[in-house]
Structure formats: C-alpha cells, structure tokens
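Participant: Pasting a structure below so you can have a look.
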Amino acid sequence: MTIYQVALVAVVLLPAVGAGVVAVFPARLDRAARITGTAFAAVTLLPIILLPFARQAGWTAYTASPGALRPWTEVDVSWVPALHLDFHLGVDGVSYPLVALTGLLTVLCAAYSLKGPGRALIALLLVLEAGIAGTFLSFDLILFFLFFEVVLLPMYAVIAGWGGDDRRRAARKFVLYTLFGSVFLLLGVVTVAVSAGTADLRELTGGAGLDRTTQYAAFTLLAIAFAVKAPLWPLHTWLPDAHTQAPTVGSVILAGVLLKMGTYGLIRVAVGVTPQGAEKAAPVLGILAAAAIVAGSLICLRQTELKRLIAYSSVGHMGFVLLGIATLTTTGLQAALIGNVAHGLITGLLFFLAGAIKDRAHTGELADLGGLRETAPRLAGVLGFAAIASLGLPGLAGFWGEAFAVVAAIQRGGGLWTTLAVLAAIGGALTAAYFLRLLRRVTHGPAAAPVSPVIAGREWLAWAPLAALILAVGLAPALVTGALP
Amino acid sequence: MTAQSVDHVSLLPLYAAAGTAVLVLLADLFFGRRVVLGALTAGGIATAVCAIVVGGSRAGTFCAPGGGACSWVPSPLAAVAAVVFAGLTVGVLGLSIPSLRLGTAPTGEFCFLLASSMTGGVVVGYAGDLITLIVGVETLTLPLYLLVGLRRFAPGEKVSTAPASASITFFLISVVSTAIALLGAALNYAATGALHLDRLLNATGPFAPVADAGVALLVIGLAFKVAAVPLHAWAPATYEGAPLPVAAYLSTASKLGGVLALAAIVARLDAAALTAVLAVLTMTVGNLVALRQTRMVRLLAWSSIAQAGYILAALALGAPGVAPAAAYAVFFVVLELIAFAVVVALRPPGADGGPLLAYRGAGRRSPWLGASLVLAFAGLAGLPPGLAGLFAKVTVVDALIDNNHGWLAGVVALNAVIGLAYYVRASALLYATPERVGIAVADPALLEAATHPRLPVSRAVGAVVVAASLVAVALGFAPQVLFDALG
C-alpha cells in the first residue's frame, strides 16, 4: 500500500473515527471533546493536501470521451461480493476539488462551533464529512450509494437538534424528501450493477456493458435521484425550509458540499455510466436548467428573509451547473465543476454571514434589517464581497462557472441551446438584480436594528479562508480544473 | 424390508433442542431457578453449536426407500436458522430474567415452553416434507399461546386480562390458519401424491386446479404466521397484550419460522402472483398504519408487519428469492431484537411497552440505550448507521431487479420512505427536550429527571442489548459472512 492509498482511506476514516471518539466523551469534558473533534477535522486536511502529489500526468481534466476515469490513486478491497460491493476508493481531477472543499468547510464549521452548542454537533459534522468525502471518492456504485445514505440521518439530526423554531418540520421534510431521491438512486445503481454484472465505476464509465434501453431507464432513475439532492427545479422545495431552519454550520455544510453530491453524481454516475441516456435526455435537462435559473432568480426577487433568499439563490446557481452538464461538452462539464466549487465557497461564506447577522440582529427579515454599512461596516463589507462574488462578477469565483455554462450552450449550437443560453444569461442578470436588492436592504438605508460591529476571532477564522479562495479561484480558475480550452 | 437407517449425527441439533426442553423440566423439578436459567442458556448454545457442527452439506435422513425424498434435510439455510433460533431463545430469556425474578411467570414452565418453541423452530428449518414442516411450525407456536397468557400478578398489582385475551386471539387465529394450511397440504397431496418438499411439482392434468387451490391455501395458512396483510389483524393485539420479551419472541423467532415455512413452499411451487399481492399489501398497509401508532409495542408490531412485506416481496420470486428473503429475515430479527431489548431495558420489569411519549428524552438520559435503539430504527429503515438494514434492503432490491421484478423493487423502495417517517419520529422523540409544563419551573431538566427516573438496567438485559448490537454492527460491516453461510 502506498502512502497515497493510506491517505485516500484516511480521508474517510479519520473523520469517522473522530466522530466516534467525540461521541464517547463524557458530558463534563464537553470543551475537550469539541477541541478533539476540531483537531480531527484539521488533521483530515493533511491526507487531503497529500493527495494531489499522487497524480502523475498533471490535472486530469474531464473529457467527455469514454474511459476518462484515470484516478491518481485508488484502493480496491473486496467487501460484499454477493452485492457487487467493493471498498473501492479513488480520486481524480473531478472529485478532488470537492473533497478539498469538504475538508475545508468541515474544519471551518467545527472551529466555528468550538464556542457553541455542544460536542454532539461536532461529532455529527465529522460523520457528515466522512459520508460526503466517501461519496466523492467512491469508485464503486453500491459504495457510492452507501455513502450517499450516510449523510441523511446526521443532517436530519443537525437540523432537528440545533435549528430554528420550526426545525422539526423542516428536518422531517428534508429527510423524507431526500430519502425519496435516494430510493431512485438505489433502483438506478442496482439496475446498472445487475445489468452490467459489476458496480466498478472504472469499468462502467462510458456505458460499457449496458444496452440502450437499460441506459435510458437507469439514467432516468439516477437523474431524478440527483435532481432531488442538488436540488434542481422543480424538485427543490425541501431546500428553503431546511436552510431557513438549519443552524449556521448546518446551512454551510448543506449548501457548501451536501448539494454537490447531487451534481457530482450527475456528472460521475449518471452521465458517466449511462452516456446514451444522457445524450437522449440532454434537451430536457437543458430546459429544466434554464427554467431553474430564471425561476430561481424570480423567486429570489420576492424573498423577504435573508437565509431563505440565499437558499433560493442556490436553485439558480445549481441551474447553471446543470446547464453546463446538460451540454455534455468538455467546456460545459468543466464549467459545471468550477461552478460547483465556486458555489460551495461563496454560499458557504454567505451562510456564515447570514448566521452572523441573525445572531446580532436576532432577525433575518430584510424589512427589519438595514444600515449595516453604518453599524457594522466590516460585516457589511464582507457581505458585499460575497454577494458580488455570487452574482458572478468577473475576477471572482462565481463568474467562471456561469459564463462558461452559457458559452458551452452557445457552442453546442442550434436554436434550442442558443435560446437556453440567452435565457440563462437573462437569469444571470436577474441574479445581479436580487443581490443588489439584498445589499440595498441590508447594508444601506437607515440603521434599523442595533448591530454589534465587533467581529469575533472565530468568525474571521471562518470567513477569511473562504474569501481568499473565492478571490484565488476567480483569478486562477485552473486551481479547480486544468486550463480551460 | 430392512429397518430405515437413521443418521443420528444430522439429528444432533434436534436432540440438543429437545434435550434442552427435557433438561429444563427436570432442573425445575430438582433445582432452583438459577439452574433452570443456566440449563436453557447452555442448551441454546449447544443447539447452535450442534447446528454449526452438522453443517449444511450432510445428506438427509428419514428418507423414502427409493432414495431422495428425505424428511430431515440439513441445508445451509437450516443451519443458519437453527443458530438464529437458538440465539433468539437465549436473548429472549435474558430479556425475561428481570420479570421472572419478579415472579410474573413461573420460571420452570416459562423456560420449558421457550425451549419447546425453539425445538419447533429448529424442525422448521430442517423439515423435508410438508407434515414435518407443519408439525415444526405448530411446535414453534403452540408454547407461545401459553407464554403470551402466562402472567401472574403480585398481590395488590392491578390485574389485567389483556394477556389472556391476547392469548385467546392468538390461539384462535393460529388454529384456523393451521387448519387452512393442513387443508392445502391435503388437497395438494390428493392431486399430486407429493408430500416431500423435493417431490413437490406444479401439477398438470385434470387435478391441476385442486393442486393449485392446495398451494394457495398452504401459502395463505402460513401467511397468517408471518402476519401478512390481510391476515395480520391478530399481531398488534397479541404483541400488545403479551409480556414484552414474549412479544419480542413473537416478532422475531415466530416470524422467522413462518418465513422459512413459506420459503420451503414457494421455492418449489408456483405461488408468485399470490405472494406478490400479499407482499405489496403487507408492506404498504403495515407502513401506513404504523405512521399513526402512539404506543411503542404497536408501532413495533406494525413495523414488523411491514418488514414481513419486504421478505414476501423476495419470496414472490420463487426459488431465486429464498436466499435474499432468508438474509433479510436474519438482518431483521437481529435489529428487531435490539429494539425490543432496549424497550425492555427502558421500562420497569414486568411493565408493558407503554405510550411513545414515555420515551421522550430517554436517549439523553441513557445515551447507550438510545444509541442502540437508533441503530435498530435506522437499520429497520434501511439507513446507515444501521448498515445491516441497508444491506438487507439492497439484497432484496438486487434480487428483485435481477429477476425482472423492477416494479416490485420500486414498491419496496418507496415503502422504505414511508417507513422512515415513523422510525425517524420515534428516534427523534428519544432526544426531544423536556416538554414545557404549564407552571414556571426553574430547571425543566431537573423536573424531567424527577418524573422520568433513569431505571437501573439488569445485567442480563444489558448483555442482550450489547450482544445484539454487536451482532448487528458485525453483520453491517461483514454481511458477506451471512451470505456465505446461506450459500
């Protein structure tokens, strides 16, 4: 076993072990448990940093050609042969940025919770990290499904245990809705595994061993499953409730990486394993994507609550990611990939900020906020930065994913795709409209609620890395994907 | 004609189980309670060991002169089933110890009946003909009629007729179902002349309708035993009235016996359509009704009805579905035993399951018990951390899709969503914060601790919770062990 293989397993194992260790701490050592948990999250970054050194031939950019799965390193151990299940982990250019994002956000959230409400939350964050990283690293379909399910109950517990007033209903809606999606995933992956006789993603990528009918059926099942998770319009209705009620760290993880399991699955599993199905369904996906972008933006224009607005903005951003995927071109898929990471960074930061504002003002209603520029200028400044990044200003991370999704749609050509590109561009303009409206309401105007301008150290600690990465990815998108063509 | 040669080695599990029953009876006559309990525990372990030693590949015994057609057939499934029955018996005994100590049931009789029931379970697994099969099922259930009603009340304790009425309900339904199954076997025998399982064939010719009717009656009669909808109405009432450990035995061992008997029939005879209909009805109705339950045992009863539906779905495939159904049943009984064990641990000795609200905050007061119950509920819902339950679901869905029953796989999967709704509600209740009281209280947690004291958990019950949880976790990480044992 090479050191890289050890690192690969450690990315999943360390947080899981950490969660177990934190869970057995007695209640009187609460603070020690929280520090231990954060330390585990931080240590998990080490194998994540180590992984890129495993690649031999530069960043393996995604190409739409079959057989594109060239992992930098992989581990393959037989687990349950009766169910086609191998413990097969691997990492490549598609999954690595998302794994790194997961590790980063978990550390930030754990550190943010150091002074917060207890060790169980940190244990749950670590379980979530193990599940999400495992999903991104799985090279076996059944294993992918297994990790996909791991996050369900911990996220439920985070929302139901630490959420707002209406948390129980929101948590139940989240868990039932997403399990409903997972049901389709289970049917999809088992259909593929049974038809092809293997669940190994390396063998399956490119659609080998699956006839056309199976591919159509499997793609439909998988696409619905991932559409619920991502979530893609019109299957998004669980998202606003979950976000509004979730605690700050829950929202950050949910928006930052949990939703990415859907889009990642769409790229890696649905498009990767059933390319013929994807080809057939591409126009439908494209239309849904454009609808999501426009509908998401229009809904956002009417939102009156801060976290709800940010939650709905995710619908629009995920629409851009879906548009990129639906084009099935290399440009589009790279746009989707970078859009994924950018959205994780920006929305993560936005939810941290929304949490900070709600903690101080004790309300998230836009009507009751205002004048943040005067009462808490630094907070207003960071919020402005994040909002501008989210609306896609060139030079910041949000720009590349959205611009190139539109470019990819234009490149794809034809009346349909050109129309979709135009619609998406209009939706992008609407994004600017609602974020500027948000800034006008929150930062400008007369000071409504007294807001403490003091920003705690843990808040700077959580915001600074995200802000820096937003800038870095904006200036050098090659950090996420190889040089764009 | 020479005397039939009998292979006593392959009969060892039966000797061990039946011997245990006799031993327990004698021990009760001459020694104290401790010896009786020890005898049953040792007998259970001996039965499991014998089953493992005999294994699943030995030739059958009590065979017809022509060869083949044996009445006692060791198979991998039979060996696994015997081990599971023995384990469940010992587990349920452990759960009963606090109430036996309290004197709610006479120890000797209780243990003898439990051992007899275990003997019946062992017979069901090894049965090679319909008569042995039905005798086995009856030996499994007959002691349970008594166990359900066996409840002594301390002087001054409020006397309840619930156990007696539960016992009568169970007895009446069971007798009727046995009669139906026997009628089915008789009709099938009249039409085809086959009693041995390996000679059972789908009938052709003029008697085919009679044979088919026989098969249908046989399946319906056995479906009563697994509480399949619409033949399920006895189960919630019986579970609720029975003492908790006996309810645990009913929903695990008794159900497993029914599943094995059904599997023996559907593997050879075509009852796919009937079984599929039963499966869809059972899981859907079970889950929907479970949503509205407010009492813990009734919730578990309805959920175990729904779980039986998933097993029936696999059995609707016929022979290819037997191994997945058996695997699901084993995963299920382990998780169900954890759930019941935790319920026993959280309630005072001899008490019933109580309303769901009685469990509010229990997970915060007893973190380990709460974690075990969450493990069991998550597993029953088919989600991590209950990996055993996840693999159970995947096994059944895999088999269904592999055999072109995608629609049934879809029904199973959608039912899992409904199921999660009540499992998650019950699990969340374990960690809910104290209810707000009408008056101002300085510390609601303190008030809750006073009104919901943390009960001491007896060592035996604790051991059962730990052992069952460990088995569930082990099966979750190494399910291949079970698949290998069944294959």
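Counting starts with 1 at the first residue shown.
Glycine is treated like the rest: Cβ placed from N, Cα and C.
Those TrEMBL annotations? Automatic predictions, nothing curated.
Summarising the annotation, TrEMBL assigns domain 'NADH:quinone oxidoreductase/Mrp antiporter transmembrane' to A:139-423. Annotation comment: TrEMBL describes A:6-25, A:32-54, A:121-137, A:143-162, A:174-196, A:216-235, A:247-269, A:281-302, A:309-329, A:335-357, A:378-400, A:420-439 (among others) as transmembrane segment.
Could you tell me the structural context for the features on the list?
Facilitator: Residues of the same chain lying 6 or more positions beyond the ends of the transmembrane segment (A:143-162) and with a Cβ under 8 Å from any Cβ of it are 79, 85-89, 117, 120-121, 124-125, 127-128, 130-132, 134-135, 168, 170-172, 174-175, 178-179, 182, 185-186, 189, 199, 201, 229, 242, 245-247, 249-250, 253-254, 258, 261, 265, 269.
Packing against the transmembrane segment (A:216-235) from elsewhere in the chain are residues 148, 177-178, 180-185, 187-189, 191-192, 195, 210, 258-259, 261-263, 265-266, 269-270, 273-274, 276-278, 280-281, 285, 288-289, 291-292, 295-296, 315, 318-319, 321-322: each is 6 or more residues past its ends and has a CB under 8 Å from a CB in it.
Listed by sequence, the residues of this chain that lie at least six past the ends of the transmembrane segment (A:281-302) yet keep a Cβ under 8 A from its Cβ atoms are 219-220, 223, 227, 232-234, 236, 309, 312-320, 322-323, 325-328, 409, 416-417, 419-420, 423-424, 426-428, 430-431, 433-434, 437.
Sequence-distant contacts of the transmembrane segment (A:309-329) (same chain, six or more residues past either end, CB-CB distance under 8 Å): 64, 230-233, 236, 239-240, 242-244, 251, 255, 259, 262-263, 266-267, 271, 278-279, 282-283, 285-286, 288-293, 295-297, 299-300, 303, 335-336, 339-340, 343, 347, 350-351, 354, 366, 390, 398, 401-402, 404-406, 408-409, 411-412, 417, 420, 424, 427-428, 431, 434-435, 438.
Within the same chain, residues 286-287, 289-290, 293-294, 296-298, 300-301, 303, 306, 309, 313, 316, 319-320, 323, 366, 383-384, 387-388, 390-392, 402, 405-407, 409-410 sit at least 6 positions outside the transmembrane segment (A:420-439) and bring their C-beta atoms closer than 8 Å to a C-beta of that stretch.
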Participant: Cβ under 8 Å, sequence separation of at least 6 from the ends of the transmembrane segment (A:121-137): give me the contacting residues as numbers and ranges.
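Facilitator: Residues 8, 11-13, 15-16, 18-19, 22-23, 33-34, 37-38, 40-41, 44, 89-91, 95, 98-99, 102-103, 106, 109-110, 113, 143-144, 146-151, 154-155, 157-158, 161-162, 247, 249, 253, 257-258, 261, 264-265.
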Participant: Under 8 Å for C-beta pairs, could you tell me which stretch among A:32-54, A:247-269, A:378-400 has the largest tally with the transmembrane segment (A:174-196)?
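Facilitator: It is A:247-269, which has the most Cβ pairs under 8 Å.
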Participant: Same-chain Cβ contacts of the transmembrane segment (A:32-54) under 8 Å, 6 or more residues past its ends?
Facilitator: 2-4, 6-8, 10-11, 14-15, 17-19, 21-22, 25, 72-73, 91, 96, 99-100, 103-104, 106-107, 110-111, 113-114, 116, 118-119, 122-123, 125-126, 129
Participant: In the same chain, which residue numbers or ranges, 6 or more beyond the ends of the transmembrane segment (A:6-25), come under 8 angstroms Cβ to Cβ?
Facilitator: 32-34, 36-37, 39-41, 43-44, 46-48, 50-51, 54, 73-75, 89-91, 99, 103, 106, 119-120, 122-124, 126-127, 129-130, 133-134, 137
